[in-house]
Structure formats: C-alpha cells, structure tokens
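Q: According to TrEMBL, the protein carries these features:
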COMPBIAS  1-16  compositional bias 'Basic and acidic residues'
REGION    1-23  region 'Disordered'
DOMAIN    22-142  domain 'C2'
DOMAIN    181-305  domain 'C2'
DOMAIN    346-472  domain 'C2'
TRANSMEM  572-589  transmembrane segment
TRANSMEM  601-634  transmembrane segment
TRANSMEM  716-746  transmembrane segment
Amino acid sequence: MQRPPQEDFSLKETKPHLGGGKVTGDKLTSTYDLVEQMQYLYVRVVKAKDLPGKDVTGSLDPYVEVRLGNYRGTTRHFEKKSNPEWNQVFAFSKDRIQASALEVNVKDKDVIKDDFVGRVVFDLNEIPKRVPPDSPLAPQWYRLEDRSGNKVKGELMLAVWMGTQADEAFPESWHSDAATVSGADALANIRSKVYLSPKLWYLRVNVIEAQDLIPSDRSRFPEVYVKAILGNQALRTRVSMSKTINPMWNEDLMFVAAEPFEEPLILSVEDRVAPNKDEVLGRCAIPLQYIDRRLDHRPINSKWYNLEKHIIVEGEKKKEIKFASRIHTRLYLEGGYHVLDESTHYSSDLRPTAKQLWKSSIGVLELGILNAQGLSPMKTKDGRATTDAYCVAKYGQKWVRTRTIIDSFAPKWNEQYTWEVFDPCTVITVGVFDNCHLHGGDKPGGARDSRIGKVRIRLSTLETDRVYTHSYPLLVLHPTGVKKMGEIHLAVRFTCSSLMNMMHMYSQPLLPKMHYIHPLTVTQLDSLRHQATQIVSMRLNRAEPPLRKEIVEYMLDVGSHMWSMRRSKANFFRIMGVLGGLIAIGRWFDQICNWKNPITTVLIHILFLILVLYPELILPTIFLYLFLIGVWYYRWRPRNPPHMDTRISCADNAHPDELDEEFDTFPTSRPPDIVRMRYDRLRSIAGRIQTVVGDLATQGERLQSLLSWRDPRATALFVIFCLIAAIVLYVTPFQVVALLTGFYALRHPRFRHKLPSAPLNFFRRLPARTDCML
C-alpha cells in the first residue's frame with residue numbers, strides 16, 4: 001500500500017483577519033474577536049395590518065416573500081387573516097448580494113397562483129448599520145405599494161439593517177446560504193445550538209439482607225439473589241450463602257443516574273428454583289428523588305422497604321403486598337465522584353457531581369471556528385457530489401453545534417464560543433460532520449450524519465493569553481487506510497484568571513478525592529462509563545434539534561477500548577520510545593566503562609572523585625544538570641499545539657487486513673477462515689506479550705527469593721555476604737567503599753573478563769516461581 005505524503009498531515013499556522021480589524025472602526029464586542037467578520041443584511045418581518053381581501057369571498061391567506069436578487073425567503077402563511085403576525089428574521093450574506101434593491105412582497109396563498117398584495121422596496125445604499133452592543137433596531141410601519149410604486153391599502157411592520165454574525169438575531173435567522181432547505185424541521189437541523197450534558201450521578205445500592213421471604217416450595221432451601229434495575233441497566237447480587245428465608249448479602253451495586261430522574265430503581269428478590277427458572281419473591285420501586293445524596297465517605301442510614309408480589313388472577317396482574325417480607329438496603333447518590341463519560345486520556349471535565357464540591361474556575365477557554373478547506377465529497381445529491389458540513393465542539397458539560405453550511409467544500413462558519421476552565425489538564429474536542437437530515441423527518445434506521453474528522457487540543461499545552469490560529473488536518477481511519485478529509489481552521493485562546501491558582505492545580509489529584517478514598521474497580525469503571533455514554537447520547541438525541549447518537553459516540557471515543565492490531569503496535573512503539581532514553585544512558589555508560597573515548601572517561605573519573613570526596617554535592621549536581629538540560633531544550637519547545645500524528649498512530653503503514661479487523665463488528669461478521677487466521681495472529685502476539693510479562697515477573701521473584709530460603713544454599717550465601725558487608729562497611733569509610741566500587745566499574749577493558757560477573761551469575765541462578773507453573 002502506497003504511503004501518502006507526510007507533509008499533507010501537518011499542522012499549518014495561519015494569519016487570519018480576526019475581529020474585523022481596526023481599519024473600519026467597528027466596535028465589535030470582545031466575544032467576537034477570534035473570528036473573521038461576516039457582514040449580513042437582516043430583515044425582520046414583524047406583522048401586517050389592514051390587508052385587503054383577494055379571494056372571491058374577500059378573505060386573505062397572507063405570507064411575506066423577502067427577495068434579494070436570486071435569493072428568496074418566505075414566512076409561513078395564515079388562513080383567512082388580515083392582521084397576521086410573523087416575527088421572522090431573514091439574513092442575506094453580503095458576499096453573495098448581487099442586487100441593488102431589497103423587495104419585501106406581501107402575497108396571498110392560492111391553490112393555482114399566489115396573488116400579489118403589495119410590496120415595500122429598500123435601496124441597499126440607504127440601509128443603516130448596527131453594531132452590538134447597540135440595542136436592536138426598532139421596527140417601523142411601511143405603507144404597501146403596487147408594482148408601479150403607487151400606495152395601496154395595508155401596512156407592513158419591518159426592521160432592515162446591516163450587521164455581523166455577532167447580532168442577536170443571527171442564530172435564529174433564515175439564511176440565504178441555506179435557501180434550498182425547506183420545512184421547519186429541516187431549518188431547525190441547520191441552526192447553531194448549545195447543548196448541556198445531563199447531570200450524572202453514581203447510584204450506590206448496598207443490598208444488606210431480606211427478611212421473612214415466602215418461597216412457593218417450603219421444603220427446599222431457597223437460593224436467593226437480588227436483581228436491581230434502573231432504566232436499561234440491570235445488575236444482580238450473588239446468591240446468598242445463608243440459604244434461609246432471611247438471606248444476607250451486604251453487596252454493593254453501582255449505577256449511573258441522570259437528572260432529571262425519570263425512572264425508579266426497581267429491586268427484585270428472586271429465588272433460583274431450577275437452573276433456568278427463577279421465581280420472584282417480591283419487588284419494590286424506589287423513586288430516585290427521595291434517595292439521600294452523599295458528598296463524602298461518611299455512612300448513611302439504611303432503610304427497610306416492603307416487598308410487593310404480583311400475582312396473576314384471571315389473566316390480570318394484581319399486586320399482593322406482603323408486609324412480612326422486607327428488604328434492608330442502604331441507597332445513596334454519590335456526589336463526591338466524577339462520573340466518567342469520556343476516555344480518561346481525553347477528559348474535558350474532572351469535577352465531582354455535587355456542585356458544593358466544585359472549586360472556583362481558573363480561566364476561560366475561547367474557541368473561534370473559522371472555516372474548513374478542501375473537504376471531501378460526502379454524498380451525492382441531484383447527480384453531483386456535495387457536502388453539508390457543520391462542527392460540534394465539546395468541553396465540560398457544554399456542547400456547541402455550528403450552523404450547517406449547505407453544499408460547500410470550503411464552508412465559512414466564523415462562530416465563537418466560550419467555556420469556563422476548572423483544570424488545565426483537560427482536552428477540548430472539535431468534530432466536523434456532514435448533515436444528512438436536511439429534508440425533515442427522521443425515518444427509523446434512516447440516514448446517519450457522516451464523520452469528516454476531529455481535532456483534540458489539550459489546554460495545558462497552550463500558552464496563556466496567546467491566540468493560536470492553525471489549520472488542523474482532519475484525519476479519519478478508513479478500512480482502506482488513513483485519509484485526510486480536509487482541514488479545519490480554528491482560533492483558540494486560553495486565558496488564565498490567576499496564575500497561582502493554576503500552578504496550585506498541578507499539585508492536586510486529577511480526580512476528586514472519593515476516587516482515591518473509595519476507589520472503583522477497573523471493571524466497574526468500564527461498565528459505568530459505557531452506561532454514562534449511553535445516557536448522554538440518549539438525552540442529547542432527545543434535544544431539539546437532536547445531537548445524534550453517532551455524533552456523541554464519536555466525540556466521546558466510545559469504541560476506543562476495542563482491540564486493534566494497529567493500536568497495539570503503536571502502544572508498543574510508544575513504550576520502546578520511553579525506554580529508548582534509559583537504554584541510551586546504559587549504552588553511554590557502557591562506552592565509558594569500556595574506554596571507547598578515553599578523554600570522556602577520564603573526565604567522568606574526575607567528576608566521580610569530586611562527588612565521592614564531597615558527597616553533599618551529589619544531589620545539587622544532579623538538579624543543576626537537569627536545570628541546564630531543561631534550559632537547553634527551551635530553544636526547541638513546541639510552538640504549536642499537538643495534533644493527530646499518523647506515524648505515532650501507525651495509521652500510515654497499517655496492513656489492509658489489520659484495518660479490516662479493526663473495522664469488523666463485535667461479534668465478528670467475517671468468514672471462519674479469516675477469523676481463524678486473525679485468532680492465530682492474536683495468539684502469536686499475545687504469546688510475545690506473555691513472555692515479556694513473565695520475564696519481568698521472574699526478575700521480581702528472584703529478588704524476593706534472596707531472603708525467602710526457597711533455595712537454602714543461595715539464601716545462606718546471601719545472608720553471610722550481608723553480614724560480612726555490614727562489618728566491612730562499619731569499619732571502612734563510605735568514601736573508600738564508593739571509590740573502590742566506582743573504579744572497579746570504570747576499570748580498563750584489559751582488566752575485564754568477557755564472562756558475566758559473579759553477582760550477576762548468582763542472581764540468574766536464584767529460583768523463581770516458574771517451577772510452580774503448569
């Protein structure tokens with residue numbers, strides 16, 4: 001497979017004209033200083049009065065058509081109304097204006113041909129300019145004219161002005177660049193919106209015991225467990241060891257719950273009467289609104305709940321309450337944890353759930369989404385390739401979605417957003433998508449918005465108060481290999497309110513303290529993260545317009561935990577890169593010991609002598625050396641934020657079969673012979689990993705066996721050596737011992753043997769637990 005040119009995947013610094021500059025003297029608000037100014041002609045159609053009747057019956061079905069050159073926007077129409085109210089805003093991009101006059105026509109909706117009622121005409125040179133934070137322009141009444149310019153019956157209330165995308169009317173406007181989109185649903189799908197993730201809690205269900213259960217068969221010992229259900233999450237305890245009608249568990253179950261709480265927690269006590277048959281002994285539903293909230297690790301009082309039993313009477317389910325049967329639980333919503341819905345490597349928020357535990361913000365993150373260049377065609381419409389692109393940015397609980405730019409491979413958004421920052425070691429994610437919902441109603445299993453690519457920026461890699469303007473490559477891994485889908489142009493600024501507060505953050509734990517006092521297991525965290533992403537995805541999909549499931553899952557990296565040969569190789573090379581520095585130091589010391597460069601070795605001898613004779617200089621020398629290295633490397637510090645690297649990801653030279661395996665479904669959908677080949681390959685790689693891990697374990701066990709008497713002779717030798725060494729070190733000054741050891745290690749090659757040294761031979765002969773392995 002031919003490797004694509006690497007320079008195409010690089011980050012490019014740009015110098016856009018942000019904030020409109022100072023040449024025109026426009027006082028743009030500070031909230032729009034990270035984007036390029038875009039000029040728009042705004043028309044607000046408010047209402048009409050005294051419109052004349054046009055039908056035979058004298059009634060009128062009025063609507064307004066706003067026409068500017070080839071662009072035409074229309075309001076909704078009203079049935080039989082002479083004083084309609086619309087209050088709709090139309091925005092025409094100044095770049096696309098090809099006319100000198102604006103026409104606002106009032107028309108009567110008709111079955112065959114719409115009748116002309118009257119119009120208002122504006123000369124574009126006479127339209128006033130409005131710059132926020134000025135108040136909105138007040139609409140005025142205008143008398144309608146006929147096509148000849150004569151006044152006719154009826155008046156129209158309008159406001160017309162020139163403004164920028166900073167205008168309050170901009171987000172809800174009908175846009176001329178989306179003139180081909182029709183229908184209220186479709187228009188809602190192309191507008192910019194801000195979404196908030198639901199507030200997530202961990203719900204801890206501590207099942208203690210049950211009392212006075214009534215099994216149907218009294219002659220056998222009941223095998224009882226508790227099943228807990230919250231929405232689509234279901235967990236169960238183990239079968240109680242006390243096989244009586246008063247079983248005990250004292251087991252914790254963890255769920256993710258989202259505010260507002262919609263579904264109750266259902267506890268069901270069940271008896272396993274046969275291998276595949278369970279009998280419900282009782283159940284209870286507990287609304288989450290009444291459950292206590294816990295901010296720290298202090299215990300909360302437990303409660304008893306009555307169990308209800310449903311019985312079938314004449315085909316109908318009826319509730320039978322057994323006051324004698326009860327369940328003892330301790331329930332609480334954990335406010336001291338951060339509910340992980342993102343990968344911990346790319347977290348944008350690390351705050352605990354409870355707002356009372358939040359620390360004050362340390363700064364502000366501003367993002368200007370400027371434009372994209374060279375986007376790939378994503379679909380075919382009317383026989384030609386096209387892309388309808390929009391961006392989604394996610395940081396903390398706030399998601400933003402830009403408006404959709406219709407039919408453009410170089411869309412210009414120029415939208416700016418702001419977030420509060422509570423921790424600098426967090427990541428903002430910006431994704432670009434193709435809108436496949438421009439024609440209204442979603443059909444079940446219908447179109448899905450296609451991913452064009454995403455960018456991640458870690459805030460801690462940004463200098464404060466500097467505006468970063470870069471063009472980021474949009475890289476997506478396809479079954480055919482890595483592909484550049486275009487470039488997105490962003491402006492980013494991280495402003496810090498207090499440098500001391502931010503520096504203090506570096507000494508704090510990354511996650512809230514509950515994660516360290518009462519840690520959750522890795523398996524629990526994986527399961528809870530899956531539930532959290534499902535809940536966030538479901539809630540945002542219910543917004544209007546929806547932020548769809550495929551978007552949320554891509555932004556939250558839902559599939560990142562799946563096995564991938566490419567990712568495994570990439571992680572192996574990362575480990576080797578880290579160990580490479582240690583290996584290089586080892587090789588350098590070996591060269592010193594073998595006198596490859598006699599001058600350097602002599603200098604090392606002198607340094608070694610100074611440090612041994614004056615041991616108090618050892619630590620200062622090490623720290624001074626590290627300081628000098630750090631200052632030296634300052635010249636080569638990164639000037640750009642990091643971006644997706646195809647070489648580190650092993651994406652530019654991945655084998656086609658490895659990519660096919662990565663994109664395979666789970667469980668697999670490939671034929672048995674391919675699965676067998678992949679399974680054999682996986683076994684061979686796992687065998688190598690197993691060997692490396694085993695070798696590391698062996699070295700550790702050899703260290704343990706020095707004093708464990710597993711090899712009595714080896715331990716006896718080591719104990720005797722320790723006694724002799726202790727006596728010698730007591731009577732010999734430390735400097736003498738250090739000098740002798742150092743000179744022995746740095747001795748000339750003619751005094752060295754080719755064979756391994758006695759201590760190394762002794763260590764390699766020590767027993768490990770490999771003998772006990774099957």
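Backbone N, Cα and C define each Cβ position, glycine as well.
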Q: State the mean pLDDT for the domain 'C2' (346-472).
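A: Mean model confidence (pLDDT) across the domain 'C2' (346-472) is 89.
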Q: Count up the helix, strand and coil residues in the domain 'C2' (22-142) according to DSSP, in that order.
A: 9 helix, 52 strand, 60 coil
Q: Could you count the residues of the domain 'C2' (181-305) that DSSP puts in helix, in strand and in coil?
A: 8 helix, 66 strand, 51 coil
Q: Per DSSP, what is the residue tally for the domain 'C2' (346-472) in helix, strand and coil?
A: 7 helix, 62 strand, 58 coil
